[in-house]
């Protein structure tokens with residue numbers, strides 16, 4: 001029982017560390033990808049994406065958008 005609890009705790013700690021590292025990698029980007037927060041104080045959207053005025057995240061460009 002103690003061993004399985006330790007495995008669960010170490011597994012959760014590993015998952016937390018990996019997600020934190022992925023988040024650091026995302027914040028290091030120069031531009032925002034799909035569903036990335038954009039707007040004032042945030043990085044601009046990458047080419048091929050526009051900042052949605054309603055939701056304030058990067059969405060794919062469509063022919064009807066300006």
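Using N, Cα and C of the backbone, Cβ positions are placed for all residues, glycine too.
Summarising the annotation, Swiss-Prot assigns disulfide bond to 31-46 (among others). Around the Cβ of residue 31 (disulfide bond), the same chain contributes 43, 44, 45, 46, 47, each under 8 angstroms and 6 or more positions distant in sequence.
What Swiss-Prot lists as disulfide bond is 38-51 (among others), and the listing cites similarity to another entry. Neighbour count (other Cβ atoms within 10 Å of the Cβ, all protein chains): 17 for residue 51 (disulfide bond).
A C-beta separation below 8 Å, combined with a sequence spacing of at least six in one chain, links residue 58 (disulfide bond) to 32, 33, 34, 35, 36, 38, 45, 46, 49, 50, 51, 52. The annotation disulfide bond is assigned in Swiss-Prot to 45-58 (among others).
Outside the signal peptide (1-21), and at least 6 residues removed from its termini, no chain residue falls within Cβ reach (under 8 Å). Annotation source Swiss-Prot lists signal peptide at 1-21, citing sequence analysis.
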